[in-house]
């Protein structure tokens, strides 16, 4: 039987190596954990430094930039960034075709040029204002030229104000766009010393900036065109609707009409004379008399009151607007009552002379034998 002491010694010798091996495994695990913690701490410090860049002053940023540029590992960093970019960056098209101009922007430009707001000369627009003013007159020479000149001057003044505001805002837009573009280009050139940036990429970024700013330019031109159209509708279009003839021209035409109430059909010579005095065309004189005869027939009572009013003016004194007045001692049909509706010499249905009316078309004048004498 073996000695117990020897057995204990033998057992202790065999247990010793096992205890040593367990202690070595624990040390390796602790070393790996420490390396992992140190690595995470380094990453956290790097992220903290990156986050603090926005809070740095300009002097601190310049100092760190200088330190980076002078670092001995900067070429290696730039080389690694180039390799990463070649693997991950999207390829830029080699053929960068220019985009066609925006059709809406072209329409706005054409309208601004036509109205005299835009163009090579910032003080232009006189021709557009003159043509618009001429169109508002309907091709006729108005007697109240002073009023027209005042309205045209107001229109030109408002148009000049719109043009001035447009060019001021356009200059601000161009200045802001150029400043922002220059800032981005300088920033990209500065960053190209650290990370790879090609000139084509800078040019593409400039195009993106200009495209973003073009929406502001379109809004400016759109609002300017709307202002010009509102100005035209207020001054020229409204004026064209409300002013067919001046007050003086209406006086001349009404006086002739009621002075020749028995035969309100002026001859061609009389039409030419009336057109010359009123500053309108012969066709406008003919249209006015046609409309006047229709209104007279529809409302004979009111027309008779108007005729008596002109007769009173005639009795008070000769009007400076009248045609050649009758010689002294002769009667005038101004005070005569209105002829019956069947003797006006026209019918509403046929649009011409009635063969049974007291107007002799074959003689081209008035037949006194067929008409009742209306003289007092």
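Each residue, glycine too, has its Cβ placed from N, Cα and C.
Keep in mind the model is a prediction, meaning the values are calculated, not measured.
According to Swiss-Prot, the protein carries these features:
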DNA_BIND  238-300  DNA-binding region
COMPBIAS  318-335  compositional bias 'Low complexity'
DOMAIN    38-237  domain 'PBC'
REGION    16-35  region 'Disordered'
REGION    45-124  region 'PBC-A'
REGION    127-237  region 'PBC-B'
REGION    318-376  region 'Disordered'
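Under DSSP, residues within the DNA-binding region (238-300) fall into helix, strand and coil as 47 helix, 0 strand, 16 coil. Mean pLDDT, taken over the region 'PBC-B' (127-237), works out to 79 on the 0 to 100 scale. Across the region 'PBC-A' (45-124), DSSP assigns 51 helix, 0 strand, 29 coil.
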